[in-house]
Amino acid sequence: MNKLPQETRVVIGMSGGVDSSVAALLLKEQGYDVIGIFMKNWDDTDANGVCTATEDYNDVIEVCNQIGIPYYAVNFEKQYWDKVFTYFLDEYRAGRTPNPDVMCNKEIKFKAFLEHAIALGADYVATGHYARVAYMDGEYKMLRGVDDNKDQTYFLNQLSQEQLSKTMFPLGELKKPQIREMATEAGLATAAKKDSTGICFIGERNFKDFLSNYLPAQPGVMQTLSGEVKGKHDGLMYYTIGQRHGLGIGGNGDPWFAVGKNLKENILYVDQGFHNELLYGDEVIATNVGWVSNKAKEKEFTCTAKFRYRQADNKVTVQIVDENTVRILCDEPIRAITPGQAVVFYDGDECLGGATIDEVYHSGKKLDYLG
């Protein structure tokens, strides 16, 4: 950074939560020219007619006034619908389990928002994500946040070199308790505000009820691979591979799990046992590849991977099939690898990039999760 902090404009995305509030506070204390932006991505009026976005924006206003920075609200509802929510529905329609947070970061927070910030004269954008950016060996590297429990690089795996070059993560070196403490000491209005969880556009609503508003449910048969009927399902879109709860299968013996889907015949396949081999894969084909790092210029390399958020790192070999596809060979079989979810690659603390899980194999045989 060649400019002095006071000459450097940073536009920060503020959600009305404690993380982005403290991120804004830190930037202001470091002397940057800070502007707070509240992104309205969804019309989220709840069942009681209360718009939670309005409440969140009021918290942003209060915090920005406390810190002493200007603020604006920007409406990205159309972009969010077109780029994130439509994708979300398409994936569920195809029987997969999508991760809208990854797409939101790629298309909204680090694209639409970044473009808007640059129009405001921003040198950088910032967010309250738990991640770090470092410039080393001629490229920008995205590193895990130091708080292992909160690290969010999994959701940021599609960011490009260009996006990272204009991004700051003020919370990357901090742990959550420190952030709460800073907010309390500064008297910020959001200091004790509960963290948001789940998918942002669903909020506190029932997932089945929400999804049925957009995709008509198609109940069908729940059966074993040998054809023994075990009950009925409410609609394939409501179940994910490895799911136990909500199947409603009683009886003695090991618990039952969802092990596959047949979209053509609308069948949910189930079987018993947490360690059932039908739930384990050792080879994955993943598409929609995005690379943060230049390491991917190699045709084959070893690294670790996460196949879902908060999962422990797994040793893998990545083979580049083409610019959009990779084959992943796992050192050990991994449970419940789920089509539609993100697989994210790491070299130590560095996030190399990620892709969308498409096909899963075990000992060379394709697991027909989406038969």
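Even glycines carry a Cβ here, placed using N, Cα and C.
Same-site candidate for ATP binding, as annotated by Swiss-Prot with G13, M14, S15, G16, G17, V18, D19, S20, M39, chosen from G95, G121, G128, G138: G128.
The distance from the Cα of C200 (disulfide bond) to the Cα of S15 (ATP binding site) comes to 11 Å. The two recorded residues, S15 (ATP binding site) and C104 (disulfide bond), show a Cα separation of 14 Å. Max Cα-Cα distance over the annotated ATP binders (G13, M14, S15, G16, G17, V18, D19, S20, M39, G128) is 16 Å.
Measuring Cα to Cα from H129 (site 'Interaction with tRNA'), the recorded positions that fall within 10 Å are D19, out of G17, D19, M39, C104, Q341. All protein chains included, G13 (ATP binding site) registers 25 other Cβ atoms within 10 Å of its own Cβ. In this structure, the recorded positions under consideration are M39, C104, C200, and the one with the smallest number of other Cβ atoms within 10 Å of its Cβ is C200.
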